[in-house]
């Protein structure tokens, strides 16, 4: 760092990931203050544009998760205001938050992703959209919010009962994908570098929202105990996805790996352009593995945002 900056940290908001965002944002703000920066913490509300205009920051650190901080809405607002901000821009955010648009962007370039179909939630009560087991997920939510695995003879019924609890009660449309057996892997990318591969072993068997953000519910194995060619393939796919989508700052790519099929069993599930920065989050964990402190990581994200401004 050459000189202290005034940095607004945007956090909170009203998405289903509000609490995670507040934890991420306050952690980021504490780190920036420890580095000597002036920090304005903004818990985003409907008056966010006014508050940013009043703050006049050198750069905005976007620590929001979910809508509207991850879907291009806030990015478009900050573009109109002429603000410099961290992480991905408008177009990338619009594409990456939508799992189907992400597939359309990445699969033609050889990145393996599960085939899926968009289904009307109402239709699920008449019959399954594909053979079980399969996964139902919202098209544009993160942190495994609203994800359900539909198994043979499970307690959702055959077909899914109308009164059975699941994402079909909340979302009008869902993405249905074949369930991929195997192991959960994730790769963080910082700038132009894939940091490593972590395996996630949730105690419940499914890496859902609670498992992600509750201490002790998921074991993180970093680096993952996988063959070198699988680790290299996952990091290559994550870096390719980061570049093809036009991600900035940091991203996190989530994978399923069927370890009975070798590299052919490695599937990219989604790319998160606003990955968590909480004490349990995966990007800070992988950064530590390669020798970066939490403060180093935060500063690197800010530096890339400023470098992007200078290049324009």
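Using N, Cα and C of the backbone, Cβ positions are placed for all residues, glycine too.
Features reported for this protein in Swiss-Prot:
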type	residues	note
DOMAIN	103-303	domain 'ATP-grasp'
BINDING	130-186	ATP binding site
BINDING	254, 270	Mg(2+) 1 binding site
BINDING	270, 272	Mg(2+) 2 binding site
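This view paints the features noted in Swiss-Prot onto the structure.
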residue: 130; record: ATP binding site; DSSP (3 states): coil
residue: 138; record: ATP binding site; DSSP (3 states): coil
residue: 154; record: ATP binding site; DSSP (3 states): coil
residue: 162; record: ATP binding site; DSSP (3 states): coil
residue: 170; record: ATP binding site; DSSP (3 states): coil
residue: 178; record: ATP binding site; DSSP (3 states): strand
residue: 186; record: ATP binding site; DSSP (3 states): strand
residue: 254; record: Mg(2+) 1 binding site; DSSP (3 states): strand
residue: 270; record: Mg(2+) 1 binding site; DSSP (3 states): strand
Model confidence over the domain 'ATP-grasp' (103-303), averaged pLDDT: 91
Local Cβ density at residue 170 (ATP binding site) - other Cβ atoms counted within 10 Å: 14
Separation of alpha carbons, residue 186 (ATP binding site) and residue 254 (Mg(2+) 1 binding site) (Å): 4
Cβ atoms near residue 138 (ATP binding site) (within 10 Å, other residues, all chains): 19
Binding-site residues compared (146, 178) - the one with the fewest other Cβ atoms within 10 Å: 178
Neighbourhood of residue 186 (ATP binding site), C-beta criterion under 8 angstroms, separation at least six: 197, 198, 200, 252, 253, 254, 255, 282
Whole-number Å value for how far residue 272 (Mg(2+) 2 binding site) lies from residue 154 (ATP binding site) (Cα to Cα): 30
Neighbour count (Cβ, 10 Å) for residue 270 (Mg(2+) 1 binding site): 19
Other CB atoms within 10 A, centred on residue 154 (ATP binding site): 14
Candidate nearest residue 270 (Mg(2+) 1 binding site) in space, where candidates are the binding-site residues 138, 170, 178 and distance is Cα-Cα: 138
